[in-house]
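Asks: The following block contains the structure, expressed as structure tokens.
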Amino acid sequence: MPSIRNVAAPYWAEFIGTLVLTVVGLGVTAQNLTSTTTSKTEALNSSLAWGLAVTLGIWTSEHVSGGHINPAVTLSRALFSGFPATRVLCYLASQTLGAFTGALLVWVNFGSALGDLPKDKGVHPAAFAFITAGDTWTGLVGEATAAFIFVLAVFAITDNTSSAKNIAPLAVGLAFTAASLGVSSPLGLAVNPARDLGPRIFAALAYGLDVFAEGSFYFWVPLAGPIVGGAAGAFVYEWLVRRDAEYHALEEGAAH
């Protein structure tokens, strides 16, 4: 009979993996906000950093939990590749709590510098080290598009027949960087509901509840966009690409 520790291990792994993801990614975002020398390279170094953050988070957790570290990936796995539905809610909670804790650690490190940012009206500028923001429609399209590309790549890379499977964490991180560079703004897209929700809850505690009203209540965009786009990406791979690949593999086998 499995112990409580055994049962909890995948959830702890998702918590730790998402914590690593957010500490690295949000740390670079905080550096960009508080530095006066990175404005011209902000989009590039942010995308590269988040890609490395994804790689490190997956390497930390993959062997225990599968290294989802993203609710869009978890929900897509549950819908299209047999991930147990009974684990979904605990995975989502672990990921969100990990992202919240990661935001706390970033605040401990950068809180003083962020607090010195000049404040005018509205949300404290330090909050943007933790949350994403933008035009609602543009953000929704961007989140869905980036998540579509990213989750499609995740399913392809982690397929048992994929040549990239042995370097999956690195390949998935590169896929995230590519999606971010192709679609993102300097403030960045979440492409991960936990990456925005956990830090946004922290930012609400640190800087006020206005972070949920920012940008005409933009907070729902990085929740809905990645889930819809990710599910579409998973569908395209599982029902179009993968099935066609299996057919051609059988044809080639029959030919030999």
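Heads up, the Cβ atoms here are built off N, Cα and C, so glycines get one too.
Curation plays no part in TrEMBL annotations; they are all automatic predictions.
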Asks: Suppose you had to name the range TrEMBL annotates as transmembrane segment; which of 167-189, 190-212 would you pick?
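Replies: Per TrEMBL, the stretch marked transmembrane segment is 167-189.
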Asks: Do any residues of this chain, six or more beyond the ends of the transmembrane segment (88-108), have a C-beta under 8 angstroms from a C-beta of it, and if so which?
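Replies: Tertiary neighbours of the transmembrane segment (88-108) are 10-12, 14-23, 26-27, 30, 65, 68-71, 74-75, 78, 114, 129-130, 193-195, 197-199, 201-203, 206.
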